[in-house]
Structure formats: C-alpha cells, structure tokens
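Participant: Here it is, the structure in full.
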C-alpha cells in the first residue's frame with residue numbers, strides 16, 4: 001500500500017515537473033508567431049517578419065483597425081527577436097517584460113499570421129519593396145524606429161522593412177540629418193558615431209536599385225550584423241549566454257537601463273576574437 005501511495009505521489013510530482021518544464025506558452029510563442037524555429041537565423045526571422053509586415057502595413061490597411069494593432073504587435077515581436085541582447089534574454093528566461101503583449105495574445109497572433117503567411121509570395125514582397133523604398137511611408141517608419149532605438153542604427157536596420165545597410169546607410173543618414181535639422185527627431189551620441197563612420201565611406205551609385213537576392217547565409221554573415229548575431233548564438237551559445245547573463249545582472253535593476261553602443265560593439269568583438277583562434281587551432 002505504501003508503495004502505491006509513493007508511486008502515486010511520484011506520478012503527481014512527475015506531472016508537476018513535466019508541466020514546469022513545458023513552461024508558459026509564451027516561452028516559444030514569439031518564434032511561433034513568425035512561424036520560424038527557435039534556432040532560426042536572423043535572416044530567416046527578418047524574412048518572416050517582412051513577409052507578414054508588408055501585408056499588415058498601415059498604409060495598405062488604413063481602414064482596418066485590427067490590422068494596425070497586429071502590425072504594432074508584430075513590430076514588438078521583431079524588436080525582441082531582431083535584437084541581440086533582447087533575444088538572448090528571451091531565450092534564457094522566456095520573459096518579454098512587455099505588458100502590451102499579454103500571454104494569451106501570442107496564440108491569436110500565431111494563428112492569424114500563420115494564415116496570413118500563406119497569402120504572401122515573393123512577387124508580393126518585390127512589389128511592396130519597389131513601392132516602399134524611397135517613399136514617405138519608409139521615411140515615417142525610419143523616424144519612428146530612430147526614436148525607438150535612440151539612434152542605434154545597428155538595431156534599427158534589424159527592424160526596418162526592406163533595408164540593406166550597404167545600400168541604405170547613406171540614404172538614411174541624409175534623411176535623418178534633415179529630420180534632425182528640422183527638429184523632427186533628436187540626435188544621439190550613438191547616431192553621431194555611426195554617421196561619422198558612414199561619412200567616411202563611399203556611397204552606392206544607385207541606392208534605390210532592386211536589391212540582389214542573397215544566396216548564402218555564410219556570405220551574409222560577414223556583412224549583415226543580424227546574421228552575425230545569429231551565427232554566434234548557434235556556434236557559441238554557451239559563451240553568448242554567459243556574456244549576456246552578466247550584462248543582464250548588471251542592468252537588471254533598472255528596467256530602462258541597457259548597455260551602451262560601445263559595450264554592444266565590444267561584446268561583438270570579444271565573441272569574434274574568441275571564435276577566430278578556435279578555427280586556427282582546428283586546422284593545426
């Protein structure tokens with residue numbers, strides 16, 4: 001009898017442990033909303049985001065309040081998964097610290113976007129991109145994201161629709177400098193540092209030309225910050241988790257605090273410097 005009771009108690013404990021391990025549905029629902037795997041690269045995440053966003057963009061759904069709300073929620077999703085530090089924190093804790101996206105909203109968003117995703121094809125994306133780049137709508141989104149990320153352009157490019165740092169950096173700089181001079185947005189040290197670097201590089205001859213399709217994630221990882229982030233997370237996840245855990249503990253006391261742009265870039269350099277020697281040692 002005692003054994004049966006113990007077995008039953010053990011079963012109950014196992015059930016509780018299993019439920020705890022399952023965690024809240026929100027733990028993986030950010031990825032489910034976009035219809036990507038948890039280990040998806042940043043390129044895959046951005047592609048899924050762009051595909052959904054072009055259908056929900058306010059300019060294409062001016063009379064649809066529901067579409068506008070979902071577009072805003074979609075932007076919050078990409079603001080987490082498209083940001084190196086926020087994604088690392090989310091992967092570790094499952095927490096998003098955003099009261100504007102309640103847990104039960106993820107299931108609704110996931111189902112809605114899953115249906116929406118099927119309705120979008122490559123032709124839709126190309127048509128949207130051709131009309132969007134260089135438009136007033138693009139400028140409006142640029143200024144909104146500039147304010148949101150406080151001039152941190154690396155993060156802005158991760159969320160900006162149809163953007164390419166190689167093609168758009170000079171163009172965006174001109175637009176932002178004009179907006180800053182007109183008092184539409186406020187400059188920041190992070191932006192000024194980025195703008196100085198861009199000023200020293202040669203602008204593209206045709207920035208609004210049709211963007212080339214990217215053929216290889218390996219090649220993109222050398223030029224696209226978002227892909228570099230994803231690649232490092234996959235290859236050195238343990239080290240990334242450890243590094244960002246220390247950042248989280250440092251800034252965790254203040255919900256508004258976050259690493260500076262210098263710390264953000266220094267963290268990236270540390271990971272790269274640790275990864276390169278390991279490749280050499282393998283070759284020996």
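The backbone N, Cα and C atoms fix where each Cβ goes, glycine too.
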Participant: Labelled region 'Disordered' by Swiss-Prot, one stretch among 170-195, 196-221. Can you tell me which?
Facilitator: 196-221
Participant: Of the ranges 120-152, 252-284, which one does Swiss-Prot list as region 'Disordered'?
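Facilitator: Feature region 'Disordered' in Swiss-Prot: residues 252-284.
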